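Chemist: Mind having a look at this structure? Questions to follow.
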Amino acid sequence: MLFSRSGRSIFPLLPPYAAHAPNPNQGHIITLPPDGLTPYLGLRARLSQVWINRWTILLLLVLVRVLLAASGLQADMSTAKREALSACTSVESMGSSMASMPHYLSQGVNELTASGVEKAVSGLKSMLMLTITGVEELVLFIIKVLYQTYLCLFTLAVRGSVHVAVGVIEEAADFLNSTVKEVGDDIGKAVSTFESAFNKFLDGVNTVASAFGASVPTLDLNSSISALENLQLPSSIDKGLDKLNSSLPTFDEVNNFTQTVLRTPFEEVKKLVNESLGTYTFDRSLLPVPAKEQLTFCEGNNGIDSFFDSVTDLVMTARKIFIAVLIVAATLACVPMAWQEIRRWRSMKERSQLVRKEAHDPMDVVYIVSRPYTAAAGIKAASRFSNSRRQILVRWAVAYATTPAALFVLCLGVAGLLSCLCQYLLLQAVEKTVPELSTQVGAFADKVVDSLQNASAEWANDANGVIGHMNQDLNENVFGWVNTSTTALNDTLNTFVDKTTGVLNDTFGGTLLYEPLMDVFECLIGLKVQGIQKGLTWVHDHAHIDFPLLPNDTFSRGAAASISSNSSNPSDSFLADAGDQTSNKITEVVIRVVNKVEDGVRTETIISAVIILIWVFIALVGIVRALSLFWVRDRNRGEGGGARVNRHESDAGGFIDVPLTAIPNTNTDARSMPTPAPAPAPRYEASTSTVVASRAVPVSSTHHEDEKLGFAGERQYGSALKVDGAADLRGSSYVEYDMEKR
């Protein structure tokens, strides 16, 4: 197309390369100037600047950042070392105070122990007095109930039996007396008749016997009959029962004896308890007071120094490694960059030939030559599409995301992430050494706990000896009397049983009631007394006191528990302050430095990620813009689209229309070229037509509006070198109309 009017260049004029051409109207560019010198850099000049390529510079910047981080970490570790040594001194002082804590706590604990013993003994005294009195009255009540119950049963049984026996005997005696007299009279009459008859018989016998000088005595039964007639039971047959009835025991003697015997040991025990425990006071001077302790584990201990020295050596080693690796990487980066520069130079030389071909957009040619790799990436991505419009959009999106500014943002973000990675590796190496310091500090804590344990065990052993002696004294002076009283009470019960048995033996011994009465006594009283004796025997066997002994870890249990592995909260350790993340102040200093560096690395990582996201956003903007035009139909001339350029027509200023597709032409006359059919989309192909001579075309009023619609133009170098009929330097393809850049 033709511009509406000629313009003036806004850039300095270029060298007149085309002035040496055989045909200045051809527009072909001479490859080299006549003297062989070029204003642009050659291959050797380009290779001389390989060492300042972007990757080497970025790696060197990463190295500088890592060295700064290592120096900062080393300075922080030096500060942490001073703070750790100060904290170690504080821990040493605190450990000495804790190790001396038994000295201060023992006085209060001793007072607490003594007061507890005194209160316990006072309560024991009151309990003993109440128990002794209660047992005394209970035993007396039970015994009184037993023997009075037995007395009632005994009286009921004996008196009832005696009354029944006496009545039966009296009735039997009266019956026998009356019956025996009648029987005696009847027997006397019969015997008198028999005696008369028998005497008559004897008289006859005597008559015969007198002849021989002998005589037979006569039978005389009168005296026996008289005795039989006067026979009767004696009146003293029930005197024994009457005597038994009137002589039943009342056990008053047993009661008085029992009361006296049973109360004696109880009263004696109460008297001894009052005398011994009236105002019991524990001797506090017997309880020990441990001496103060002075711990020293910072002086002469190089654990902390060796830890920080190892950290410093680690940082220095890491610094050397990073210097070596990054410098080698930066140096090695020059090799591929040199090879890339060589390929770029060759590619530029090859693609510079595209300038000679009029079938290409000159701006595209400049882009391909100046940005060979990004242009090649765009062309490769666009090759997946068959539509030329979409190919152009894909290349445009790639070019938008790979501009020098966009790539600078991307490289800056990648370099930042690489720097953060190096710092992270250094930080991880330092964090791995923290357990060594924790082990050293753990040894300090163990020393404090061991000192506390020894002091606590020594104090507990001495205090337990005093408590054991007090237990023995109370068991002998108080519960010894309880044992004595239980033995005496058992003896008293035995005496009561023996005394009662003696009374029953004296009263009913040899009678039919003795066995039943003894069975009733054994059932009613004997078994109960045996139960009481068993209870007294149990009291005798278990009547002793044992005050609890003090554990050996009284003063060290809390400190040992705070540093144990079972503690879930690190700040519970006695070496740490409330809210600390670790179990001691020394490790907390190192952790604080590590957290500080970690926060810095995290911040830098976030910043680098944000920078990369900015590049991603830029790339997305290009992709979204390309996608928005991906399915838009090409507009015709009547719809605001551009007109098809079929001929090369130049104006007086030297501008000609550049076709974007191949225009086959076998004629040399531009005016006689046939108009080709419009293609569906422009393609970047080499034109096979020859360059025709430009001719002046009148400038119409519509040319300026056509130029605004976006027609591409290529300046004809031959005519561009002439200004007012004279040779002139080549001007820029950018023209200015009334101070307006087009």
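Each residue, glycine too, has its Cβ placed from N, Cα and C.
Values in this document were obtained by computation on a predicted structure and should not be read as measured data.
From Swiss-Prot, here are the annotated features:
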| type | residues | note |
| --- | --- | --- |
| CARBOHYD | N177 | N-linked glycosylation site |
| CARBOHYD | N222 | N-linked glycosylation site |
| CARBOHYD | N245 | N-linked glycosylation site |
| CARBOHYD | N256 | N-linked glycosylation site |
| CARBOHYD | N274 | N-linked glycosylation site |
| CARBOHYD | N454 | N-linked glycosylation site |
| CARBOHYD | N483 | N-linked glycosylation site |
| CARBOHYD | N490 | N-linked glycosylation site |
| CARBOHYD | N505 | N-linked glycosylation site |
| CARBOHYD | N552 | N-linked glycosylation site |
| CARBOHYD | N566 | N-linked glycosylation site |
| TOPO_DOM | 1-54 | topological domain 'Extracellular' |
| TOPO_DOM | 76-137 | topological domain 'Cytoplasmic' |
| TOPO_DOM | 159-320 | topological domain 'Extracellular' |
| TOPO_DOM | 342-395 | topological domain 'Cytoplasmic' |
| TOPO_DOM | 419-603 | topological domain 'Extracellular' |
| TOPO_DOM | 625-742 | topological domain 'Cytoplasmic' |
| TRANSMEM | 55-75 | transmembrane segment |
| TRANSMEM | 138-158 | transmembrane segment |
| TRANSMEM | 321-341 | transmembrane segment |
| TRANSMEM | 396-418 | transmembrane segment |
| TRANSMEM | 604-624 | transmembrane segment |
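Help me picture where these features are in the structure shown.
Modeler: Sequence-distant neighbours of N256 (N-linked glycosylation site) (same chain, 6+ apart, CB under 8 A from its CB) do not exist here.
A simple way to gauge crowding: the CB of N274 (N-linked glycosylation site) has 12 other CB atoms within 10 angstroms, across all the protein chains here.
DSSP classifies N454 (N-linked glycosylation site) as helix under the three-state reduction.
Over all protein chains present, the Cβ of N483 (N-linked glycosylation site) has 16 other Cβ atoms lying within 10 Å.
The number of other CB atoms found within 10 A of the CB of N490 (N-linked glycosylation site), across every protein chain shown, is 18.
In sequence order, Y514 are the residues of the chain that are 6 or more apart from N505 (N-linked glycosylation site) and have a CB within less than 8 Å of its CB.
Long-range Cβ proximity for N552 (N-linked glycosylation site), meaning a same-chain Cβ under 8 A and a gap of 6 or more residues, is found for Q453, S456, A457, A460, N461. Classification of N552 (N-linked glycosylation site) by DSSP places it in coil, neither helical nor stranded.
Within the model, the topological domain 'Cytoplasmic' (76-137) carries an average pLDDT of 76.
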Chemist: Calculate the distance in Å between the alpha carbons (Cα) of N483 (N-linked glycosylation site) and N490 (N-linked glycosylation site), and round it to a whole number.
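Modeler: About 11 Å separate the Cα atoms of these two residues.
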Chemist: May I ask for the residues of the chain that lie six or more residues beyond the transmembrane segment (55-75) and have a Cβ under 8 Å from a Cβ within it?
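Modeler: Distal contacts: 312, 315-316, 318-319, 322-323, 326-327, 329-331, 333-334, 337, 411-412, 414-415, 418-419, 422-423, 426-427, 430, 593, 597, 600-601.
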Chemist: To the nearest whole angstrom, state the Cα distance for the pair N454 (N-linked glycosylation site) and N274 (N-linked glycosylation site).
Modeler: 41
Chemist: At the Cα level, what's the spacing in Å between N490 (N-linked glycosylation site) and N274 (N-linked glycosylation site), rounded?
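Modeler: Counting only the Cα atoms, the answer is 23 Å.
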Chemist: If you count Cβ atoms within 10 Å of the Cβ of N454 (N-linked glycosylation site), leaving out that atom itself, what do you get?
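Modeler: That number is 16.
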Chemist: May I ask for the residues of the chain that lie six or more residues beyond the transmembrane segment (396-418) and have a Cβ under 8 Å from a Cβ within it?
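Modeler: Non-local partners: 54-55, 58-59, 61-62, 367, 371, 374-375, 377-378, 381-382, 604-605, 607-612, 614-615, 618-619, 621-623, 625-626.
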